[in-house]
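This report concerns only the one structure given below.
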Amino acid sequence: MKLPGQEDFEGSDAHENVCSEQLDGDLGPGSGLDGPSDIDNGKAQGCKDPLLFIQLNELLGWPQALEWRETGRWLLFEEKLDIGAGRWSAPHVPTLALPSLQKLRGLLAEGIVLLDCPARSLLELVEQVVRVESLSPELRGQLQALLLQRPQHHIQTTGIRPCRRSNAFRKASRDEDTLLKHQNPLRQKLPPGAEAAAVLAGELGFLEQPLAAFVRLQNPVVLEPLTEVVLPSRFFCLLLGPSTLGRSYHETGRAAAVLLSDPQFQWSVRRASNLHDLLAALDAFLQEVTALPPGRWDRTARIPPPKCLPSQHKRFPSKLQEVTSLSRQSAALAENKHHHGPHTPIPELQRTGRLFGGLVQDVRRKACWYPSDFLDALHPQCFSAVLYIYLATVTNAITFGGLLGDATEGAQGVLESFLGTAVAGATFCLMAGQPLTILSSTGPVLVFERLLFSFSRDYSLDYLPFRLWVGIWVATFCLALVATEASLLVRYFTRFTEEGFCALISLIFIYDAVGKMLNLIRAYPIQRPGSPAYSCFCQYPGTGGNASEFDSTMFKDTEDVLNVHPGLVNASFLPPSECIRQGGYPRGPSCHTVPDIAFFSLLLFFTSFLCAIALKHVKNSRLFPSVVRKVFSDFSSVLAILLGCGLDAFLGLATPKLLVPTEFKPTLPGRGWLVSPFGANPWWLSVAAALPALLLSILIFMDQQITAVILNRAEYRLQKGAGFHLDLFCVAVLMLFTSALGLPWYVSATVISLAHMDSLRRESKACVPGEDPNFLGIREQRLTGLVVFILTGVSIFLAPVLKFIPMPVLYGIFLYMGVAALSSMQFMKRVQLLLMPRKHQPDVLLLRHVPLIRVHLFTAIQLACLGLLWVIKSTPAAIVFPLMLLGLVAVRKALEWIFSPQELLWLDELMPEEEKTIPENRPEPEHLFSGNDSENSELMYQPKAPEINISVN
């Protein structure tokens with residue numbers, strides 16, 4: 001059966017609703033004709049059908065006082081009016097009885113169907129509808145007056161508004177109703193260009209036979225009394241009939257509203273030219289209806305909106321799909337940055353064949369965006385991002401500065417860490433190709449610094465001059481990589497390599513946070529009763545007594561202690577201050593120890609960690625208004641830190657606080673800011689430094705480019721492009737600068753950079769009921785990172801304020817950053833499958849296409865690689881750590897001998913050579929761990945913001 005509009009689709013207006021910019025664009029899965037999942041982005045609706053708001057008005061009160069009352073409404077899902085509670089139900093999937101659909105088809109087949117009706121007002125529309133020969137003029141007048149009667153809407157506001165009102169009160173409050181319609185919260189959720197459809201259903205005693213009418217207006221007209229939201233109406237459906245048992249016309253009206261809310265039926269009925277087309281669209285809907293057995297479910301149950309639905313595009317006519325496919329291909333060619341083909345690399349990774357050609361292309365590509373990189377930062381969300389990332393950066397600078405000071409025996413310290421972070425980070429944000437990247441000291445680079453210092457100490461070398469030559473060689477090697485466009489190799493960095501490296505970084509964050517807390521507990525030990533190591537005695541001058549005599553004495557209270565004769569008094573009964581007041585001397589290791597610091601530090605540690613997690617996830621909860629939830633989510637880390645600081649200030653315990661250097665001078669006494677090229681080292685060492693520099697260059701390249709690949713994934717919908725060559729060039733220049741000043745080496749920090757992007761997510765404001773906010777992309781700009789690093793530089797002068805921040809609170813934020821990044825990885829979800837019995841495993845797409853044993857094998861290989869990386873990092877063999885990172889790519893290449901390309905497509909990503917073995921029309925497994933109810937449910941119905949994580953789902 002042909003659907004309406006299919007036979008004339010190739011006509012002049014064939015592309016009226018198939019606009020390539022809207023079919024694909026930058027909306028990702030669910031865009032175009034895949035349904036109304038992209039309606040909330042606020043873009044123009046001229047190239048696709050507008051969103052339809054459907055309202056069901058039911059005729060109630062027969063035979064005493066007839067009135068139209070709103071009982072249901074539809075956008076994407078159904079909302080019923082709970083009359084007893086006086087409120088709208090939660091959006092849910094509508095369920096229909098098959099007899100109601102069959103009855104609706106019969107009514108439409110025998111009723112009035114007006115397509116492209118020229119009516120311009122409700123009166124003209126009603127006059128055409130009531131022109132029924134079977135009705136007498138008197139009944140026509142009664143029916144016309146009834147249809148023109150103002151319906152009673154249920155508009156929820158913050159105030160108390162009764163559902164039922166007297167006629168006199170209704171007349172006096174019409175102006176109030178009009179005002180309420182304009183203030184209706186639902187109106188704020190509708191995108192521009194939305195239209196309305198009114199369905200009127202009910203029973204009339206004076207009718208002898210059913211009266212049905214379906215009207216499609218030629219031009220949308222505002223039929224203001226009919227709908228609660230003032231919108232131009234496109235469709236009008238009337239279903240009236242004689243009184244019957246039950247509420248059959250109520251269900252028939254619901255069936256009509258559900259039909260109009262269906263994307264395929266709506267598309268067809270907008271193009272229908274006669275009754276046959278209308279009935280064909282209804283029959284096509286009936287062919288896809290799924291029936292549930294009556295004894296196996298509760299008909300009153302309300303099914304919540306699903307997270308995933310099948311692609312609506314597959315439900316449209318084949319001819320439309322062909323045109324849509326062509327439109328998608330042309331849009332992909334126009335914007336191949338977001339939707340490039342399987343064999344075509346993105347523009348940033350296309351070889352130019354010229355020396356420094358990739359760098360020149362990056363500079364040209366980013367130059368046109370430079371003014372907007374600052375103007376786009378004028379948003380309150382950027383203020384939250386600055387606070388969050390500033391505290392994370394300061395904490396990172398202090399932590400790695402302290403670790404670097406210990407590793408180099410004071411050759412570098414916290415001050416160098418602050419200065420290097422500020423200068424290198426600010427310079428990178430101003431000049432880099434991807435300014436959202438946050439430069440910082442990283443665990444792998446710190447390991448290399450420790451090994452380099454140990455080598456210098458063992459062979460009596462001057463460390464900083466030797467380090468300078470290593471930095472010069474690293475900068476030279478990196479510039480050579482930029483000149484030869486070696487960044488194109490990032491195409492071989494698949495999810496396997498990214499997850500292995502980034503899981504290691506996340507584990508380093510978690511390990512350092514927990515390790516710092518354990519060191520703090522050792523510094524402030526927990527006092528256990530009866531332990532001699534924590535005893536404290538008060539010794540009076542000139543009196544005898546010993547500890548053993550005191551320990552054998554039992555005391556009931558403090559007065560017994562004060563009356564004892566021996567010269568030693570246990571300070572657990574007598575405070576040191578009381579001992580000194582009475583002329584004694586406190587003696588013992590714990591006399592000046594506050595016993596509550598260790599436990600209180602643990603409390604602050606877990607409070608900040610759990611609070612940050614809870615506030616971050618409150619956005620998806622049902623608590624508080626949406627604006628409050630968004631503020632809590634955006635400022636989650638800042639609020640967690642403030643809560644920890646407030647709790648610490650309230651109790652007033654002497655917990656360790658943030659230490660910020662107050663003097664601007666090198667940590668190592670006697671050295672200036674510029675490092676001498678040779679010092680006490682022989683001249684040939686400048687050449688020998690090339691060997692460790694080669695290993696460090698591999699580490700810098702891998703660390704920088706893996707982070708860049710993750711940040712520039714297409715799922716994040718970045719509009720301004722990447723800059724792989726330009727970023728590596730900036731890192732090379734900064735490597736030379738920091739080496740000359742004796743500052744730490746800096747490279748892209750994966751976890752903090754992802755946290756930076758997480759704090760700059762953009763989501764749609766207009767969200768219809770039942771729909772989650774639509775992820776729109778990242779707020780791309782340079783100002784947040786620049787301000788963060790400027791504040792880091794002036795933090796030396798903010799010491800009076802920063803000194804009140806407890807270190808356990810910052811350790812908790814570190815733990816949160818590591819856990820959040822690790823837990824959101826696809827790798828961790830597959831690890832959970834290892835520990836999950838088969839019957840409890842979720843129904844995910846990955847397990848539908850790959851055998852479970854193969855999934856476990858792939859996960860086990862990843863775990864083995866991660867464990868090997870951790871062991872090498874923690875042993876003296878860490879000097880080969882950069883080679884092991886490069887070895888991840890080799891391991892991934894070797895997996896081609898174990899797994900088929902189809903399995904690797906679902907488990908990982910394909911390398912350039914592997915893509916040639918897969919058809920171009922292959923399925924794209926973008927949501928491997930989304931629980932779908934259909935084999936075709938591979939596209940998200942509503943593309944949500946991807947969690948800013950190590951590996952994007």
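The count begins at 1 with the first shown residue.
Keep in mind that glycine also has a Cβ here, set from the backbone N, Cα and C atoms.
Quick look at what Swiss-Prot lists:
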COMPBIAS  916-927  compositional bias 'Basic and acidic residues'
CARBOHYD  Asn546  N-linked glycosylation site
CARBOHYD  Asn570  N-linked glycosylation site
CARBOHYD  Asn932  N-linked glycosylation site
CARBOHYD  Asn949  N-linked glycosylation site
REGION    20-41  region 'Disordered'
REGION    385-953  region 'Membrane (anion exchange)'
REGION    916-938  region 'Disordered'
TRANSMEM  385-405  transmembrane segment
TRANSMEM  413-433  transmembrane segment
TRANSMEM  470-490  transmembrane segment
TRANSMEM  501-521  transmembrane segment
TRANSMEM  594-614  transmembrane segment
TRANSMEM  635-655  transmembrane segment
TRANSMEM  682-702  transmembrane segment
TRANSMEM  728-748  transmembrane segment
TRANSMEM  785-805  transmembrane segment
TRANSMEM  807-827  transmembrane segment
TRANSMEM  869-889  transmembrane segment
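For the transmembrane segment (785-805), the neighbouring stretch richest in Cβ pairs under 8 Å, chosen from 385-405, 470-490, 728-748, is 385-405.
Tallying C-beta pairs under 8 angstroms between the transmembrane segment (682-702) and each of 470-490, 594-614, 807-827 places 470-490 first. Contact between the transmembrane segment (594-614) and the transmembrane segment (470-490) is absent: fewer than three CB pairs lie under 8 Å, with pairs separated by 6 or more positions in sequence. Against the transmembrane segment (385-405), stretch 807-827 has more CB pairs under 8 A than any other of 470-490, 501-521, 807-827, 869-889. If you look at the transmembrane segment (501-521), the same-chain residues 6 or more away from its ends with a CB under 8 A from one of its CBs are 399, 442-444, 598, 601-602, 605, 656, 702-703, 706, 710, 750-751, 807-808, 811-812, 814-815, 817-819, 821-822, 825, 827-828, 866, 869-870, 873, 885, 888, 950-951. Long-range contacts of the transmembrane segment (470-490) within the same chain: residues 345, 349, 351-352, 355-359, 452, 686, 689-690, 692-694, 696-697, 700-701, 705-706, 708-709, 724-725, 728-729, 731-733, 735-736, 738-740, 745, each at least 6 residues beyond the stretch ends and with a Cβ under 8 Å from a Cβ of the stretch. Long-range contacts of the transmembrane segment (869-889) within its own chain (CB-CB distance under 8 A, at least 6 residues past either end) are made by residues 443-444, 447-448, 451, 492-493, 496-497, 500-501, 504, 507, 692, 695-696, 698-699, 702-703.
Long-range contacts of the transmembrane segment (728-748) within the same chain, counting only residues at least 6 positions beyond its ends with a Cβ under 8 Å from a Cβ of the stretch, are 359, 400-401, 404, 411-412, 416-417, 419-421, 423-425, 427-428, 431-432, 437-442, 445, 449, 464, 467-468, 470-472, 474-475, 478-479, 481-482, 487, 666, 668, 671, 673-675, 700-701, 703-705, 707-708, 711. Within the same chain, residues 362, 365-366, 393, 396-398, 400-402, 404-405, 439-441, 659-661, 663-668, 721-727, 730-731, 734, 737-738, 741-744, 746, 782, 785-786, 788-790, 792-793, 795-796 sit at least 6 positions outside the transmembrane segment (413-433) and bring their C-beta atoms closer than 8 Å to a C-beta of that stretch. With a cut-off of 8 Å between Cβ atoms, the residues of this chain six or more beyond the transmembrane segment (807-827) that come close are 391-392, 395-396, 399, 495, 499, 502-503, 505-510, 512-514, 516-517, 520, 601-602, 604-609, 612-613, 616, 637, 640-641, 644-645, 648, 655-658, 750-752, 754-755, 859, 862, 928-929, 947, 949-951, 953. Confidence annotation: the region 'Membrane (anion exchange)' (385-953) carries a mean pLDDT of 77 in the model.
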